[in-house]
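Chemist: Can you read through this structure? Questions will come right after.
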Amino acid sequence: MEYPAPATVQAADGGAAGPYSSSELLEGQEPDGVRFDRERARRLWEAVSGAQPVGREEVEHMIQKNQCLFTNTQCKVCCALLISESQKLAHYQSKKHANKVKRYLAIHGMETLKGETKKLDSDQKSSRSKDKNQCCPICNMTFSSPVVAQSHYLGKTHAKNLKLKQQSTKVEALHQNREMIDPDKFCSLCHATFNDPVMAQQHYVGKKHRKQETKLKLMARYGRLADPAVTDFPAGKGYPCKTCKIVLNSIEQYQAHVSGFKHKNQSPKTVASSLGQIPMQRQPIQKDSTTLED
C-alpha cells in the first residue's frame, strides 16, 4: 500500500524548505523559516536586479541608494578607483560589475547594502574573527579554511587591494576639496553649496550674496582684514568685530563702532582711518602722548 509523501513548501530561492504538516498548509500559514526565506529572497532579488543600471540617472540613483558600497570616485565591491565621469558611468553599467555585485550579495547578504551597522559586543567580535577566516570583503574572496585565509592575507593580491582602498579614501577627500574650490559648486563667502551652475548663478546675483559682498568690502575698508577671515562668521549674522568680540546689527552701527574710541583702544597694533587708508604702525607711547611720529 502506498502512502502520500508529506507536503513540502518551496522557498523563494528554488530549494525545498522542508516537509510540513498538511494542517499548517491548509490554514494558509507558513512556518517562520519559510517566511524569512521568501522575504530575504525577494529583497536580495530587488538589489541584484538593480546591479546593472542603464543611463546616467539610474547610475546616480544606485550610488545615492547604496552609498556604503558605491561612490562617484570608488566602487568598493570591485575595489576600483573612478577618476572621471565617463569611467564611472562605464564601470557601473558593465556586466563585470553586475556579476561582482551578485557575488558580493551572496556572501554578505543585505545588511551591507542597507548600510546597517551593529554594535559589537565580545561575542560579535569573535564572530567577526571567524568571518575573516571565511571571506575577505576587501578582495571579495571566500576561503575553505583558516590556513587558506591566512595565506591570502599575507599575499600580494590582498596587499595591493588594501593599498588601493586606502588611496581611494584620499581621492575622495581630494574630490571634495575640489568641489569646495569650484565656484559653480560652493560659495565660500556665504557657505552655500550648489547642484548645478544655474543654481550657482542665481545665488551670485541674489540679495543674500550681494549683502555678504557689501559686508566684506565694508570690513576691508575699515581695516577688518587685519583680523582673522571674515568668512569664519556664519553668513548673514550681522557685522562682527573680532577685535572687540561683538556683533553689530547694521552697516551704520559698524561704521560708528570702528570709528569710535573704544574700538581703537582695543587695536594697539594698527590705526585705520575712516576713509579706508592703509593701516599704519603705531609708535610707542611716550609721556602719555598719543601723537604719531612721522
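Yeah, the Cβs are placed from backbone N, Cα and C, and that goes for glycine too.
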Chemist: Can you check which of LYS114, LYS132, LYS269, LYS287 Swiss-Prot annotates as SUMO2 cross-link?
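Modeler: So the answer, going by Swiss-Prot, is LYS114.
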Chemist: Labelled region 'Disordered' by Swiss-Prot, one stretch among 1-32, 33-64, 193-224. Can you tell me which?
Modeler: 1-32
Chemist: Tell me which residue from LYS95, LYS156, LYS160, LYS170 Swiss-Prot records as SUMO2 cross-link.
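Modeler: Record lookup in Swiss-Prot returns SUMO2 cross-link for LYS170.
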Chemist: Work through the binding-site residues one by one (CYS136, CYS139, HIS152, HIS158) and name whichever has its CA nearest to the CA of HIS97 (Zn(2+) 1 binding site).
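Modeler: So, spelling it out, the nearest of the binding-site residues is CYS139.
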Chemist: What is the separation, in Å, between the Cα atoms of CYS136 (Zn(2+) 2 binding site) and CYS78 (Zn(2+) 1 binding site)?
Modeler: 12
Chemist: May I ask which of the binding-site residues CYS75, CYS78, HIS91 is closest to HIS152 (Zn(2+) 2 binding site) if we compare their C-alpha atoms?
Modeler: CYS78
Chemist: Could you check which of the binding-site residues CYS75, CYS78, HIS91 is the closest Cα neighbour of CYS139 (Zn(2+) 2 binding site)?
Modeler: CYS78
Chemist: According to DSSP, which kind of secondary structure is CYS136 (Zn(2+) 2 binding site) found in, if we only use helix, strand and coil?
Modeler: strand
